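> Here it is, the structure in full.
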Amino acid sequence: MYGIEYTTILTFLISIILLNYILKSTTQMMDYIIYRFLLITVTLFALTKAQNYGINLPITGSMDTAYANSTKEETFMTSTLCLYYPVEASNQINDGEWKDTLSQMFLTKGWPTGSVYFKEYTNIVDFSVDPQLYCDYNLVLMKYDQNLELDMSELADLILNEWLCNPMDITLYYYQQTGESNKWISMGSSCTVKVCPLNTQTLGIGCQTTQCGSFEIVAENEKLAIVDVVDGINHKINLTTTTCTIRNCKKLGPRENVAVIQVGGSNILDITADPTTNPQIERIMRVNWKEWWKVFYTIVDYINQIVQVMSKRSRSLNSAGFYYRV
């Protein structure tokens, strides 16, 4: 009898010890699960509060906003300056070390060696087809040429403003411009753009939709053409598609990290007269021209004043980047 009682008591004690062990193990497991859950929750919460670059959001405004550089106090962070100049300049200077000389001069104005880049282009027309603006600040030097005044004006309008563009299928659709900020921009090796305005019955106004020869020529043999037609009227468009593309574009606002330096000429190009240029901030400047060395000396001397009317951007840009953005 005593043996049975001892066995019962021993079994009871073992059960208590086993239960206690199970409870402790369960508690530890629950603590592990809870802490892991809290860690994951806090991590996800932080991520949801951060900017998500993986979501393809629709564009509702300018993507070229000037961003504050959060690391601007670090000594290894510096602004970059791109100086675009015609090949004529380097040919006239004819000095293999002229860029190094200018870099040393920029250093005296607070621009460290290696922060200034010299970009050469053949001519204004070719440069307008693919203006690659990669630096925080971009200065484009254009020597005035009376025969290229229209090209200079259109190039200035193109690079001094941000454009949101969509491709156009002119073989299937008619197009109309909805306001002053809406333009058609054509680019290519040779662009000839013809338009035929249509009435409400889609009949040509002063032209025949079946005869391209009766269309109005708005651009002929150009590499860059910013086409402006009467707003609110459908147009049938004819274009040399083998050598040119055309896009339906809206001017969103100024591209404030770009400035144009007009070299020479009696008058300065003025695109601020365009009512679509808003705000009316002048970022086209003129310097006198006698020799290219004199031009570069002037730019070095006034570089910091020039940059003051600009805003630094945090991303690079090329024509493909902003032309195909939809």
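Using N, Cα and C of the backbone, Cβ positions are placed for all residues, glycine too.
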> So Swiss-Prot lists D228, V229, D231, D301 for Ca(2+) 2; which of Q177, Q201, Q262 goes with them?
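The candidate from Q177, Q201, Q262 that Swiss-Prot ties to Ca(2+) 2 along with D228, V229, D231, D301 is Q177.
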> Have a look at Swiss-Prot and say which candidate in C191, C207 forms the disulphide with C196.
C207
> Can you look up which of C165, C212, C244 is joined to C191 by a disulfide in Swiss-Prot?
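Its disulfide partner, as Swiss-Prot records it, is C244.
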> Around E216 (Ca(2+) 1 binding site), how many other CB atoms lie within 10 A of its CB?
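By my count, 15.
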> At the Cα level, what's the spacing in Å between C196 (disulfide bond) and E216 (Ca(2+) 1 binding site), rounded?
6
> Select the closest residue to G206 (Ca(2+) 1 binding site) from the following recorded positions, measuring between CA atoms: V229, C244, C249, D301.
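Closest recorded candidate to G206 (Ca(2+) 1 binding site) by Cα: V229.
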> Have a look at the recorded positions C82, C135, C165, C191, S214 and say which one has the shortest Cα distance to D301 (Ca(2+) 2 binding site).
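Its closest listed neighbour, by Cα, is C82.
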